[in-house]
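Here is what TrEMBL records for this protein:
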type: REGION; residues: 1-27; note: region 'Disordered'
type: REPEAT; residues: 110-152; note: repeat 'ARM'
type: REPEAT; residues: 151-184; note: repeat 'ARM'
type: TRANSMEM; residues: 351-372; note: transmembrane segment
type: TRANSMEM; residues: 378-399; note: transmembrane segment
type: TRANSMEM; residues: 420-439; note: transmembrane segment
type: TRANSMEM; residues: 459-477; note: transmembrane segment
type: TRANSMEM; residues: 489-508; note: transmembrane segment
type: TRANSMEM; residues: 528-549; note: transmembrane segment
type: DOMAIN; residues: 617-671; note: domain 'APO'
type: DOMAIN; residues: 728-813; note: domain 'APO'
Amino acid sequence: MDTVADNHSPSSSSSSDVDGTPRGATSAVHRALQLIQSDDSDSKLQAAKEIRRLTKTSQRCRRLLADAVVPLVSMLRLDSPESHHESALLALLNLAVKDEKNKISIVEAGALEPVISFLHNENLNLQEYATAALLTLSASVNNKPIIGESGAIPLLVDILRHGSTQAKVDSVTALSNLSTHPENFTIILGTSPIPPIVNLLITCKKSSKTAEKCCSLIESLVGFDEGRTSLTAEEGGVLAVVEVLENGTLQAREHAVGALLTMCESDRCKYREPILREGVIPGLLELTVQGTPKSQTKAQTLLRLLRDSPYPRSELQPDTLENIVCNIISQIDGDDQSSKAKKMLAEMVQLIAEIVGTYFVIFTGCGAVAVNKIYGSVTFPGICVTWGLIVMVMIYSLGHISGAHFNPAVTITLAIFRRFPLKQLMGSILASGTLALVFDITPSAYFGTVPVGSNGQSLTVEIIISFLLMFVISGATTDNRGVGELGGIAVGMTIMLNVFVAGPVSGASMNPARSIGPALVKHVYKGLWVYIVGPIIGTFAGAFTYNLMSSKVDLKKMRPMILKRIEDRAKDYPVPGMIPVAQEVLEARALLIRGVSILVKLFPVHACKRIGNSRVHEWVSGGVKDILVPVEAFHLRNMFQGVIKHDQRFDFDRVPAIVELCWQAGAHINDETLNSGSLTADEDYGSVSGVESLSHEDLRVIANGTLKAWETLRTGVQRLLLVYPTKVCKHCSEVHVGPSGHRARLCGVFRYQSWRGAHFWKNANVDDLVPPNNVWRRRPQDPVVLLDEGRNYYGHAPAVVDLCSQAGAVVPTKYLCMMKVNGLTAPRSS
């Protein structure tokens, strides 16, 4: 659509109002009104184009040109060339943008009849413009019932089926606007809109505004049986909604989960399976964490509906030990005591599992030690493998019941980090007693652990290997991001390696239960404290280190906290110390523009119009904007508001980025000045006169003042950028003042742009807001016309600095080097 395309250029808003002073804008408006009311068709066409240009971004011109609505509507009715209809339609479209009165006036003037007739037109451009016009007009509450009664809805649905891509996008948005009126919704439902909406939803990007509008319509339509049946019957319909739920914007995901919830609540038996079949569960789980408050509630409700079977359960439950105990206690003491008994039974099962697991770990591992010392048939590598295998086997056998600790040091550490209660020594004592009864354990065949060297050496080794064991346990079994089902293998291999390394030194206990049980049974207490203190210190240090290393912030879960922090941060702005700086920057900007406006009248400025085929500049007379390159940004009513989306870009005025930065920094700026549309140098300060009578001394004073204002402006902006976040596109000159970049697709560097012109934001610096606009500097020894072969010898400087120096200003020392004041002279070519 031409209106949208005109606003894709970053620089369009700087010249979209009227060239010249406000007086010139008023005269242009009067001239356009006179032409549009004439009888000459060519004059009307010229007026329509002028109205379209004037109203492109200027709200003031839209108000002044409200009287042009009736003549423009009459142009739509005339039997004129299609180009006349297109111009009139685009002019009306621009008049209606962000102007409620003009929207209503256009409909009251009878524009709907010709606009709707254009929906049948074979001219795709005219068809697109008509769809866009209905989209804009449907945003008015007063127009919605009138548009619905005019018969436009079936045609919009037909456009949704057979129109161009842009027409389909505008059509679904218009239908979404119209659907909020009850009578219109009945009409929409009768046109079988679900298939074309689903087709558009399948083809569009799920994170786009189009997907959001499609899901909004679907959510409303599935409230009726016809809509639900049509969505499930359409191939890929439910899947498309699920994909939006996973990848869409926050609002789109809210509509998507709302649509699925409505279906499931209406008939769970019928729609539960089709929804589950499309893999909706992961998206719902994610939505319960990072969605909007409404979507989180809806996702939780839908998960409950999908989790529970809609069919009645059998009253007969399996006769498990838990059910038998609960039923008996419930009949004797009531339901309250039944829940307590259930909890006690679960704890008892865990206790028994830990005792059994520790028993077999100690029995097998210590048994291998005893057998090797008595019979010599296991060998040291066999003992290492035995310890690793038995721990691995018991983890997979009992891990899902008790956690499979089998180690008091691990249990104590996990209890400190709120993981598990304490228990195990009983299993170790029972296993040691069994080994003592089965084998003839002599002092030389003792299967416990005693320090081989000094106690200090064994303590150090125990701390190190226990640290490694606990570190692996923390990463492989207790962290959801770890290896999961392979955790038992990781732990078993770690124990085997530890026994290989530390077995000959300390016995590689790593487990107080492994040492205490045999010591109590055989009354061998030498160095026992080493195997109690060492593993506890090592496991505690291992768990603490892992928790410290893995404590990464989940940004998705932290989003509510981040938003709360932004709200709190808003209380800190504006920074009191920066308010005088912002005010000083504004004053310097005013002096700078005023000074440059005077100097360009006396010193010729040339700007390149284009580069011809011979790669030579074609020069035209320049002005203030060629010296001070205008850089604009969206004016935010609240610097901490949400990101500006593409379809919201017309709701925000464009102002000079420096003005926006100073406003956010607390400088006093008239609201009327900010809201009057795009500000330019000419509109701010008007033209200057009487400069021809200035003396050389006056001119030198003005030049020095202008150069001083330039330096003050850049220094002040640099200070403000240290406090107030400002972004610039990496590929084009678009600037956004505020905590985050906008989402208006304006990037014109098509070679680098991402999807549909999205910007690539980075932190801005002073050159992004105050471009130096360097120009070649001609020295007295250089030729009058600079030649390409001497470019390595010529100096350059910011355009303001060069202009002021020509007027007699004293140039700061920092520019002398780049200006090559004392540089070599370019050799003359033959």
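Every residue, even glycine, has its Cβ placed from backbone N, Cα and C.
A quick note: this is a predicted structure, and the numbers were derived from the prediction, not measured.
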Top Cβ-contact partner of the transmembrane segment (528-549) among 351-372, 378-399, 459-477, 489-508 (pairs under 8 Å): 459-477
Within the predicted model, mean pLDDT of the domain 'APO' (728-813): 79
Residue numbers, six or more beyond the limits of the transmembrane segment (459-477), whose CB comes under 8 Å of its CB atoms: 395, 399, 409-410, 413, 483, 486-488, 490-491, 494-495, 498, 501-502, 505-506, 508-510, 530-531, 533-543, 545-547, 550
Secondary structure content of the domain 'APO' (728-813), with strand meaning DSSP E or B: 19 helix, 16 strand, 51 coil
